[in-house]
């Protein structure tokens, strides 16, 4: 399954489903914990395993076998774990949670263990890794946006808006921008500047977008860094051109929350997850869904899709 084009989804029905992206067929269903929805999913860089997080749990599943139970349960996790992701070589994983901490997990050791911790002094809703593989962007419920250098332990902190909770953060693949979206429908963008004599990137305020009328749930940059995506509780996923941050497209799933999304490697297609329990594949040029992935019985709150292997083969 490692080289297949697969989509993984998870949500409020306590299951994680693995789909053939090109057919819409569900090829595997894995049980999550009965006490939590799935908050985030990420596939390991070698594409053999899938990590999932939720309330007081982080689990790692094997995609190569028929086993539907997790192969690793991470110990000692408190409160809600909101985000996770992998360093590009798979040597470590980061997680963010409502225990106020962003943690670095050593994935080479057996079993994996927490090797480093950053205290945000407030529940952490979001975290993302800079393409330089050294800095992590973070957003907290008290409105702070952090940039943390994992190696030097230095960090920068900005509060873009008072009395607003940061719901998601994203860093563009070219490393030029950091975006943070909040519960008031606003998305803030900073230019990331660095020079040889600097220890870490600095954040320069660049743009504020009044992106949605309601809660923003996710923000993500396209792989080519030309688009910024925001998804919301207002039933839309909006795409903004990073050249001037003007709106380019609006995808509508009326009356439902759009919880998560993922781009294809060529930045021409988008997967969305929504509260109607359906994942959709959209062709961005036409603004229309071309495929639906149905099988979840409740809202889908997280998805993961990576097709870099196919892209490399084609090139």
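The backbone N, Cα and C atoms fix where each Cβ goes, glycine too.
The repeat 'WD 1' annotation in Swiss-Prot covers 1-31. What Swiss-Prot records for 33-71 is repeat 'WD 2'. The repeat 'WD 3' annotation in Swiss-Prot covers 76-115. The feature repeat 'WD 4' is assigned by Swiss-Prot to 119-158. Here Swiss-Prot flags 161-200 as repeat 'WD 5'. Summarising the annotation, Swiss-Prot assigns repeat 'WD 6' to 211-250. Positions annotated as repeat 'WD 7' by Swiss-Prot: 253-292. Annotation source Swiss-Prot lists repeat 'WD 8' at 295-315.
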Worksheet entry | Summary of DSSP states over the repeat 'WD 4' (119-158), given as helix, strand and coil counts | 0 helix, 22 strand, 18 coil
Worksheet item: Which one, 1-31, 33-71, 76-115, has the most C-beta pairs under 8 Å toward the repeat 'WD 7' (253-292)?
Response: 1-31
